[in-house]
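Participant: Attaching a single structure in structure tokens format; questions to follow.
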Amino acid sequence: MEFGVFGVSYKEADADVRDCTAFSDTQKLELYNQLLDVDITQAVILSTCNRSELYFIYEKEEQLDQIRELFLKAATKSVPLFLKTGRRAACYLFEVAAGYHSMVLGEDQILGQVQSSYQMANQCQACQKQLHRMFQSCFAAVKQLKTTYRISEHPVSIAYLAVKNIRNAMSLHRASILVIGSGEMAALMLQYLQEEELSALYVCSRNRHKAEQVMSASMQYIPFSKRYEILPHCDVICSMTSSPHRILRKEDMPPIQRKQMYVDLAMPRDIDPQLTQSGVVIDIDHLQREADEQLEQRKVLLQKAHPMLEAAAQEAYAYLHAQQVDYLIQSLQQRSEQMAVDTYALLRAKLQLSSHEQQVLKKVLHTSFLRMVKEPMLTLKKAKGQDQQLYAQLLETMLKGD
């Protein structure tokens, strides 16, 4: 019994490759069923925008090739896969859930994605106690890490830092805010802003359909052509479009009777730099410097936290290995009992024995065969670390050979 992971990561594969392995729920269900056909009864499929990974428990080395083939078949094209097994695989799972391998180092979102993937696998009856223990130990360890080292107190999201800077510069209570753009950055910005007690939150975009996809019911759409008309009513203007030109020019600005704050998250910049004369401007460079500083803090904290995470992963893997040892000991006992039964049947057919003699023979055979396997069982139980793993592998090979 061993733990492994096949996967594709953004570090090794481009966007086209990752698209092929962004499995839908239907594809996941099909893959779970196909894994059962090769006797893989415990597996969790993790598929996010930046990674696709298959965690599993296997019994035989030859199953690895079968799992690889099924993964590639689901991907519809040949993709570069990495493979980790044993302790390395366990440690990798814990690191992934803690955000060590995320594009945004130490992010919180990945833990929820791993939990959702585990829940789906559980609903598909693709988990048993060994995989349950591995993932539940992982979740507990990551939560403990985040509580102890407070990784999330060092945000690296540009959108989050922008809202934080706005909040530090002014009160957002009953404020009116305009967000220009409807891409991923705008969606994050709106997500953070709607948690504030605002008077109004406007969304301006050239594409109304795209804007409505990132808006909630409490937000108001402003056509791009009307952007200057709404400006006098806004306390904060946040712009993050992909326009190659300035979209807010000083010479086109209407009369403004209030102090305003401008947040420019675009590159090239959306907002005329001359507007600094009439309000506070925060640009992407300012926020990126702050994000870089926070990222360095995260790196230091995650490095300090790693020994704790690794110890938890090793403990979870040790439990899995102990399950293998218990299984082998149980197999030895069953094998000795079966040999005693078979030998008793053979001797009884050849010998004329009384009822009492039959009982004595049965007891003697049972005790003798159990004594034969007692020493290997004790040796296996007493062995530690790699010695125990080696003994277990040898014993498993012998049992299969029989």
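Think of each number as a place in line: the chain as shown, counted from 1.
Glycine too: its Cβ is placed from the backbone N, Cα and C atoms.
Pasting the relevant annotations from TrEMBL:
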type	residues	note
DOMAIN	7-147	domain 'Glutamyl-tRNA reductase N-terminal'
BINDING	T48, C49, N50, R51, S102, E107, D108, Q109, Q113	substrate binding site
ACT_SITE	C49	active site, nucleophile
DOMAIN	170-289	domain 'Quinate/shikimate 5-dehydrogenase/glutamyl-tRNA reductase'
BINDING	G181, S182, G183, E184, M185, A186	NADP(+) binding site
DOMAIN	304-399	domain 'Tetrapyrrole biosynthesis glutamyl-tRNA reductase dimerisation'
Participant: In whole Å, note down how far the CA of E184 (NADP(+) binding site) lies from the CA of the residue listed as 'active site, nucleophile'.
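Facilitator: Distance between the two Cα atoms comes out at 13 Å.
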Participant: Taking the Cβ of G183 (NADP(+) binding site) as the centre, count every other Cβ atom within 10 Å, in any protein chain shown.
Facilitator: 15
Participant: What's the most sparsely packed of the binding-site residues D108, E184, counting other C-beta atoms within 10 A?
Facilitator: E184
Participant: List the other residues in this chain whose Cβ sits within 8 Å of the Cβ centroid of the NADP(+) site residues G181, S182, G183, E184, M185, A186, in sequence order.
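Facilitator: Checked against the 8 Å cutoff, the neighbours are A187, L188, M189, V214, M240, T241.
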Participant: Enter the number of other CB atoms within 10 angstroms of the CB of G181 (NADP(+) binding site).
Facilitator: 27
Participant: Name the residues of the same chain, 6+ apart in sequence, whose Cβ is under 8 Å from the Cβ of T48 (substrate binding site)?
Facilitator: I110, Q113
Participant: What counts of helix, strand and coil residues does DSSP assign across the domain 'Glutamyl-tRNA reductase N-terminal' (7-147)?
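Facilitator: Helix/strand/coil tally for the domain 'Glutamyl-tRNA reductase N-terminal' (7-147): 80 helix, 21 strand, 40 coil.
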Participant: Tally of helix, strand and coil residues over the domain 'Quinate/shikimate 5-dehydrogenase/glutamyl-tRNA reductase' (170-289) according to DSSP?
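Facilitator: Summed over the domain 'Quinate/shikimate 5-dehydrogenase/glutamyl-tRNA reductase' (170-289), the classes give 41 helix, 31 strand, 48 coil.
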Participant: Around the substrate site formed by T48, C49, N50, R51, S102, E107, D108, Q109, Q113, list the extra residues of the same chain whose Cβ is within 8 Å of the site's Cβ centroid.
Facilitator: G99, M103, V104, I110
Participant: Compute the C-alpha separation of N50 (substrate binding site) from E184 (NADP(+) binding site), stating it in Å without decimals.
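Facilitator: About 15 Å separates the two Cα atoms.
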Participant: Quick one: pull the CA-CA distance for S182 (NADP(+) binding site) versus D108 (substrate binding site), whole Å only.
Facilitator: 23
Participant: Fewest other C-beta atoms within 10 angstroms of its own C-beta: which of the binding-site residues S102, S182 fits that?
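Facilitator: Among the binding-site residues S102, S182, the sparsest Cβ neighbourhood within 10 Å belongs to S102.
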Participant: Go through C49, M185, A186, our recorded positions, and report the one whose Cβ sees the most other Cβ atoms within 10 Å.
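Facilitator: Max Cβ neighbours within 10 Å, all protein chains included: A186.
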Participant: Just to be sure I understand the packing, how many Cβ atoms besides its own are within 10 Å of the Cβ of Q113 (substrate binding site)?
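Facilitator: Total other Cβ atoms inside 10 Å, all chains included: 19.
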Participant: Given the substrate binding site residues T48, C49, N50, R51, S102, E107, D108, Q109, Q113 in the record, what is the largest Cα to Cα distance, rounded to whole Å?
Facilitator: 15
